[in-house]
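First the structure, in the form of structure tokens, and then the observations on it.
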Amino acid sequence: MVSFFLHFEHKRRITMGEAAKDQTEEVIQAWYLDNKEEDQKLPHHKDPKEFVSLDKLAELGVLCWRLDADNYETDEELKRIRESRGYSYMDLCEVCPEKLPNYEEKVKMFFEEHLHIDEEIRYCLAGSGYFDVRDLNDIWIRVWVKKGGLIVFPAGIYHRFTVDSDNYMKAMRLFVGGPVWTAYNRPHDHLPARYNDVLFSHIVTTKLTRSVVIYLSKEATKVFMYIQTAIL
């Protein structure tokens, strides 16, 4: 009987988790970019389209939630996330021609590939926009964040931002402690933040794999030469 209830609870939690992920995917979608240099505000899907799951983003250290943007001031889930992750600072900003001075210049500046030494946390309260991030093979993934989407980019990940063709996004910006606005345009691979847990693990795994391949290739060559000599 106990095992039955444990099994039921496990399935219930899986179902709830899948439902929450489905809801999040309604406000945060991701796909691999094409290589075209035209208007940055366009979706830039590959042909055929190649979507990226939230699980894939999580493997890069990118975290996503769907929250109640209409009631952000009283939202208990947002409060829980802020408290658990230490996001003590908050402000609001609107990216649109009417509210942001030198709008087009700023949008181009935001689109420069860069990194931060701290997390970047953005909660879309209205409108929408694109956040592009590099995967572990240095390929661009476009993340479309719409109203209700909260996204966290890990320190050290190369990324950039642009509004979409609607030219409007109202966002909440969150920080641990005071705000840090410094952006380090690529290349800044010498910064310690570049070697977060995800990237460091990838580098180590890649180097080990290459070392094993090189070793096996050398050993295979030795065996081949030995067999060839024996036959002669």
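In case you wondered, yes, glycine gets a Cβ from its N, Cα and C as well.
Record features (TrEMBL):
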type: BINDING; residues: HIS114, HIS116, GLU120, HIS159; note: Fe(2+) binding site
type: BINDING; residues: HIS114, HIS116, GLU120, HIS159; note: Ni(2+) binding site
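HIS116 (Fe(2+) binding site) is surrounded by 19 other CB atoms, counting those within 10 A of its CB over all protein chains shown. Around the Cβ of HIS159 (Fe(2+) binding site), the same chain contributes GLU113, HIS114, LEU115, GLU120, PHE131, ASP132, VAL133, ARG134, PHE153, each under 8 angstroms and 6 or more positions distant in sequence.
The record gives HIS114, HIS116, GLU120, HIS159 for Ni(2+). Within 8 Å of the mean position of their Cβ atoms, the other Cβ atoms in that chain belong to LEU115, PHE153, ILE157, TYR158, ARG160, ALA183. Considering only the binding-site residues HIS114, GLU120, the Cβ with the fewest other Cβ atoms within 10 Å is that of HIS114.
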